[in-house]
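So that you can see what the record holds, here are the features copied from Swiss-Prot:
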| type | residues | note |
| --- | --- | --- |
| DOMAIN | 68-261 | domain 'Lon N-terminal' |
| BINDING | GLY412, PRO413, PRO414, GLY415, VAL416, GLY417, LYS418, THR419 | ATP binding site |
| DOMAIN | 647-828 | domain 'Lon proteolytic' |
| ACT_SITE | SER734 | active site |
| ACT_SITE | LYS777 | active site |
Amino acid sequence: MVNTPVPGLGSCASRGLIAAPASIIRSRPGCDHAGECIVVCVGVFRKDWVMTSPKQRPPLVPGVAQTFPVLPLRDIVVFPHMIVPLFVGREKSIRALEEVMRGDTYILLATQENASDDDPATDAIYRVGTLATVLQLLKLPDGTVKVLVEGVTRAQVVQYTDRADLYEAEAISLPDEVGDVVEAEALARSVVNEFENYVKLNKKVSPEVVGVVGQIEDHAKLADTIASHLAVKIPEKQAVLETVKVADRLEKVLGLMESEISVLQVEKRIRTRVKRQMEKTQREYYLNEQMKAIQKELGDEDGRDDLQELEDRIKRTKLTKEAREKATHELKKLRQMSPMSAEATVVRNYLDWLLSIPWGIKSKVKKDLPFAQSVLDSDHYGLDKVKERIVEYLAVQSRANKLAGPILCLVGPPGVGKTSLGRSIAKATGREFVRVSLGGVRDEAEIRGHRRTYIGSMPGKIIQSMRKAKKSNPLFLLDEIDKMGADFRGDPSAALLEVLDPEQNPTFNDHYLEVDYDLSNVMFVTTANTLNIPPALLDRMEVIRIAGYTEDEKAEISRKHLIPNALQKHGLSAKEWSIDDAALLQVIRRYTREAGVRNLEREISTLARKAVKELVISKKKSVKVTAKNLETFLGVPRFRYGEIEREDQVGVVTGLAWTEVGGELLTIEGVMMPGKGRMTVTGNLKEVMKESISAAASYVRSRSVDFGIEPPLFERRDIHVHVPEGATPKDGPSAGVAMATTIVSVLTGIPVRRDVAMTGEITLRGRVLPIGGLKEKLLAALRGGIKKVLIPEENAKDLADIPDNVKNALEIIPVSRMDEVLHHALLRHPEPISWTEQPVSGAVVPDEDAAGVVAH
């Protein structure tokens, strides 16, 4: 606030008056004198101010209408006790001032509703104003007038007179209504406290005002004083002026201040944030300029800048037309950006990715068929079908100029060499090898990349792997393709449809690159443990099954690969440690039971570690592992080799099962007990296997007389069928013939041969239907010491894929009906009986449902 000294009157503060707040005092240079303006009130008034004569003015009588000249105001509300300098330019306003000077009366200061109206109508002027006295008046050469007025009291306009030369109105003075003094005092204290906070936030209000406001004891004057300093809209100030009750006026002022303080706090936060950002930008600019200066001093100014280097890379790279246009456009956009902007970093990273992947850079594919065959044979023993397919592909490549890369899917249990086979194929063909693990991938963006709109976005695994390979015709090994999942982010297996389709992958489009990239020269090899793959994806691949290894193959793999690797890893020589054939066979048979060779490798490594320990501690020259001392190194054998059971038993049948890790022997047990004809099945069996047991039971019951079983026996006995290892879920129909054999053995009391295993699905008519996974099941039978295996007759054609050593070691008998199964599996064939149905005296109500099967 500025206290303006008035000659002969002293300062505003000394007279208990208030000057116009600095927040609303402003100059209007070049004003066209079309209306009143507020001028800056600083320093001492000029000597050419005309002082009003100190005549006795007529007294103001509350409630009595008196006539006063009216001075319409723009953009300001004058409160009582407020001293304001005004700039007057309108004719009517000047005449009103002259009228006041002649009669030495009060002038009514009323704010007009529309500040842009030069000649407002009487109904466009607020009805409540302030009666004021003219303290000083200054006439300017151009006819305008500067005047200093002092507010005295509020007044309500009753009506305007008909004078045309000036505004004149009859008005009633409005005295303040004090009301509840205690309430007013409480509000006054709150208003003063809030005003202090307001002044701290609003730099346009002088801090000296707080001291002046704190000394005001009159609550009405306090409200008017603070209201005059608030930077609020004219209607809000007018509402304060029109409030006669002091308590209500203080409450309105308090509400306006709280609203303004909230806005000022937000403004302060914004200013602080903007200032901090500007300081950061200026600091980065300063540091960058310093770095450039340092580089110049070091002699690096001759080096080309990043943009020039990017332009040269675009020219050198063999981009497609689409990619070149995209790169040129992005480079042009980068040139127009500030180097420090975040968008520039995004564009620079994009160009770096686009230019880093190989465009038309191929490695020379080897077409030497004998070399490829020798590489595959040296790295892997067996796997003839896979090797044959690879050599066929190379043979076609040697004759044809262009051939879309084959997409092979190697399916087999863990540990059979699927992943290492992919590396060998790359070595045999002379391609770069890239492995992409898909296990656990659930996001489609992992394959196709993220769009550049995301922060930290990058290409998908395909483009990343191409950048790693640095060639456009590598070998891609997509590992564990059956372990992908799908969730709300998309299905990655659907994204792979484009990658693995030779018709689509020449125009593979990554979300990040946004340009087509040719994947037709890439050779894709995928691996999986099962064929649990979406049909559309499976249709795009050539499936090659890799079954488990035979004992002979495992022994050969151990001699060629596992034992030499163990010697190298443990720092041993062939003279220091060796294992004879009998011991190696014992390790395979009695310490491992798997389709692959991973556990076998672990056992061989254990033997090597034991040998190193013996050589170091006992100072021996060499350690030889034999069948006699094998248990000294590896402990008690973990598995039994030979007959699955030690003797032929009633109701115990050996079935064959397929699992993800290869084939397994499946023991099925059955017992009969007195009861009411119920059948119970246990062993964590799933729905398909339960239905298979029901079908087997119905078949046996329908043929009971042929098997020498009296039909009433089914209603007097309960049968319980159990499959051990209850913690392992079991499902599938291939154990149907084994279930039927178990039930027949239990009901007839005929033992089952312990050296016979069987597999096949049974129908209600006793037919044996084909099954899958025959090779894995036969290998499991061979590992378990089985002599005779019964298989469905329709699976006999699959024996062509079975190794000769397996077929020679097993007696494989194809069967088509259940009678043949019982002939080979039971010690003796059941003898049929003659049975005549006895008449039933009354209806029999069964205790259980029609199926009679209870599963626990």
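Counting starts with 1 at the first residue shown.
Cβ atoms here come from the backbone N, Cα and C positions, even for glycine.
The shown structure was predicted, so the numbers you read here are calculated from the model rather than taken from an experiment.
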Practice item. For the recorded ATP site, whose residues are GLY412, PRO413, PRO414, GLY415, VAL416, GLY417, LYS418, THR419, find every other residue on that chain with a C-beta no more than 8 angstroms from the centre of their C-beta atoms, and list them by sequence position. Key: LEU410, THR527, ASN529, ILE546, ALA595, GLY596
Study note, to complete from the structure: CA pair GLY417 (ATP binding site) / SER734 (active site), Å rounded to integer, equals 28
Study note, to complete from the structure: Here the 10 Å Cβ neighbour count for THR419 (ATP binding site) comes out at 16
**Study point:** Fewest Cβ neighbours within 10 Å, where candidates are the binding-site residues GLY412, PRO413
**Key:** PRO413
Practice item. Look up PRO413 (ATP binding site) in the DSSP assignment and reduce it to helix, strand or coil. Key: coil
Point to revise | Mapped DSSP class for SER734 (active site), helix or strand or coil | key: coil
Check your understanding: Do you know offhand how many angstrom separate VAL416 (ATP binding site) and LYS777 (active site) by C-alpha?
Key -> 16
**Study point:** the domain 'Lon N-terminal' (68-261) [mean pLDDT, rounded to integer]
**Key:** 88
Revision key, fill the gap. Within 10 A of the CB of VAL416 (ATP binding site), the number of other CB atoms across every chain shown is 28
Practice item. Spatially speaking, which of the recorded positions GLY412, GLY415, LYS418, THR419, SER734 is closest to LYS777 (active site)? Use C-alpha to C-alpha, please. Key: SER734
**Study point:** Where LYS418 (ATP binding site) falls in three-state DSSP terms
**Key:** helix
